[in-house]
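Asks: So TrEMBL has the following annotated:
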BINDING   His438, His443, Glu496  Zn(2+) binding site
ACT_SITE  Glu439  active site
Amino acid sequence: MPVDRSLHIIPNDSPVCQLDAEDAFKTLSEKERKYAHYVAKASFDGALAVFLQVSPESAPIFYVLYRLFKAETVEQLKEKALAVGFSEDEWQALLIYAAAFYSNSGNYKGFGDSKIVPAVDQKKIRALIEKSAAGSDEKVLKTWESVEKLIGSLEDKELQLGFGDKGVTCYHSSNITKADAEKIDRFFKARNVESWNSRLFKEVGADGKTTYTIKLASSDEGVVAEAVEFEGDVVQIVKGDYAPVMKRTHEWLDKAVPFAANKNQEEMLKKYIEHFKNGDINAHKDGSRYWIKDAGPAVESYIGFIENYRDPAGTRSEFEGFVAAVNKETSKKFLTLVSRAEEILKRLPWGPDYEKDTFLKPDFTALDVIAFGSSGIPAGINIPNYDDIRQNEGFKNVSLGNVISAQPKQKMNFLDEHDEELMFKFHKDSFEVQVGLHELLGHGSGKLFQKNVDGSFNFDNTKVKDVLTGEPIATWYEPGETWSSKFGPLASAYEECRAEAVGYVLCCDSDILEIFGYTGELAQDVKYVNWLSEIRAGLMALEFYQADQKKWGQAHCYARYVLTKVVLEAGKEFVKIEETKGEDGKADLHFKLDRNLIDSVGRPAVVEFLRKLQAYKSTGDFEGGKKLFESYGAVGETELHWRDVCIARRKPRRLFVQPNTVEKSGEVSLVTYPSDASGVIKSFVERYDSAAIEDLHACWKNDQKWF
C-alpha cells in the first residue's frame, strides 16, 4: 500500500503558541531566578539525549540545522534558498520542519511516534546548505551526507517507532527484537534492578555467542557489573551513555545548589548530580524522595529519565527536565482537592482493599512552565513513576497552566455550532478539572498487590477478594516485578485510560466541581464540555492508529479511543457518530453526546469499565487486562472509515515556542521569541552553545556502530 506522504509532513499553517511565562517569572526573587535558570539549563542540555534516543539520524539533523541557522539569520538564508530554487511555500515548509523537529526532539512525532519529513526535496536542502555560510565547513557537509537519504525517506520500517525489525528506535541497537528485550527484562527482574535510564545493545560474535550490553546514562564511564551468563547468553552492564551530555547536565545542577530554597532542594539536587555522574537509579530515587518532601516551592522542577511511552518494550525512559513558577491562586483549588482526596477516593468503584493503606497527601500545584526539555509538553504530571515510592512514600501532582491556556483558535471538527461555541467557551475550565482529577485521583489512586522478598504480602491474602470474581486473590506482583515490567508496552495506554476514566466519573459530582469554582448551570456546562471534549478526542484519536500494522502508536490516543468505545457500547444514543457530507461535498462526521444521559448512561458504563481496569492492575493480571483493553481498542471497518475522515479533516497540532533564561552581569532575565516557526528556531539556536552541539555530535558518532 503506497504511503500517504501528507501524514508525515507538518502543514505550513501549523499554529505556534507562546508558552507565556513572563508574569510568572516576574514573581520570582533574584535568588529564585538563578535557581530556575540553572535548572532550566540542565533540563535543556540534558534533553539533547532525547535526540540520541529517538532515531539514528535525529542528532546529525539537529547538528546541521543548528549550524545552518546559527551562522546566518533566517532572512539571509531565505534569500539564498530562493536563489537555489525554493518557492515561498517550500521555504516556509523548511522552517516548519525545523521548528517541528526541534519541538519533538527529533524526526518522529512526540505525540504519535510517526516520522516527520520535510515538504522540500532534499536536493534543494543540500543546495541551500552548500550555498550557506555553514556549508563552508566540511564537517557540516559530511554530517549532512550521512543523513541526506534518510531525512525524506518513508520506507516501511521507517514510518514509526518500534523494534528494529518493524520500526525505528535508539533505545535498542537495530538488531534487538522483542524477544531480546523480554529476556533482558527477566534479567533485570532476577536482579531486582530497573531499566529507566538504560539502553540495550546486542553483538553476536564469530562463535555465535550473543553478548548484551546494558548501558546506563552517566558522565562516568566504565564497567558497572562484569559479564555474566544468563539464559545461555552473556550480559554486561556498563556506564557512560551520553557521557558529555550528562556531564553538562550535572554541572548546571551543581551551579543551582547554592540557590536552593531549603535543605530538601539542596539534598535533592545533590542526589540528582550523583545519579547523572554514576548512573545509579537509586540515587535518582533518593533525589525524588527529597523532591516529594519539598512541598509548595516557589520554583518547581523535576529532571531525569521519566516517561517510558516511546520505548517499544515499555520500560526504558526518555530524558525530561522542567522548571516552573507556582501560580499560588490556582494552586489553592488543587490543594483543596488534595485535602478532600481521602473522602473522594471512597467514591471509586473498588473499595478500601484496593486502595493504598494510607493516602499520602501529595503536593499539588498549578505551574507556569519556564522551561521544558523533552519531546513534548504535557498539561499535567503525576510523578515520580517509581512504584515503590508512589505506593509507600508519596508523589506530587502538577498542572501546567500556561500549557492548558495556550490554545489556538481552530475550527473544531464534527461538532454543531452550539457545541463548538461551548467548547471554545469552557474548554480551558473543563480541561483544568480533568487534569486535576486525572493526575491526583487517577494516577494517584489504587494499590498494587505485591509479594515481598520474605514471602509476605502487602495485603491480607486470606481476606481480600477479587472484585470481579469474589474469589481469593490469585495473582500479584512478584519481587522484582513492577507495573511497567509486568504490563510492558500496554502499561502506558492502560494507565492513561484508567486515569482518564477517573476524571470522567468524578467530574459528575457537583461538590467536586464546586472546588474549582463552578456551581449551578456553569458547573453543568463545564461537566458537559469535559465529556464532550474527551469522548470526541477518542474519535479523533483514530488519526494516530497505524492501520497497516493494526497498532496504536500513542498511549493517550489509544486510551481515549478505548473509552469512546466503552460509551458507544452503552447505547441509548448517548453518543452518536453519524456519517455526513460537509459543506465542501466531501465525507464528514457529526459527533453528538446527549448531556442529559451523562449520569444515567455514560457514567455507569465508565464506572464498570474502570472497576475492571483497576482489578487487573492491582492483581498484576496482565492477560486479563490485555484481553479487556484490546477488545475495546480494536478498530473495525466502520472505525477505519471514520479514521479516513479524521485524517482528511485533521487540524495541525500546535507547536510551542519557549522562552530562554539568560544570565548577564549577575542577573537573570527571560528572553521571549515570536510565535512563529522562525521564533522556535531562534529559541533553540540561542538555547545551546556550540560546545553542547559538538558534544551531541560526538555522542552520535560513538553510537553509529549500533545502528
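Glycine is no exception: its Cβ is also placed from the backbone N, Cα and C atoms.
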Asks: Starting from the Cβ centroid of His438, His443, Glu496, which together make up the recorded Zn(2+) site, report each further residue of the same chain whose Cβ lies within 8 Å of that point, ordered by sequence.
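Replies: Other same-chain residues with Cβ inside the cutoff are Gly380, Asn382, Glu439, Gly442, Glu495, Arg498, Ala499, Glu500, Val502, Gly503.
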Asks: At 10 angstroms around each C-beta, which of the recorded positions Glu439, Glu496 has the fewest other C-beta atoms nearby?
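Replies: Counting other Cβ atoms within 10 Å of each of the recorded positions Glu439, Glu496, the minimum falls on Glu496.
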Asks: Hey, what's the Cβ neighbour count for His438 (Zn(2+) binding site) at 10 Å?
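Replies: There are 28 of them.
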Asks: Using a 10 Å radius around its CB, how many other CB atoms surround His443 (Zn(2+) binding site)?
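Replies: Cβ-Cβ neighbours of His443 (Zn(2+) binding site) within 10 Å number 21.
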Asks: Give me the Cα-Cα distance between Glu496 (Zn(2+) binding site) and Glu439 (active site), rounded to a whole Å.
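Replies: With the alpha carbons as reference points, the distance is 10 Å.
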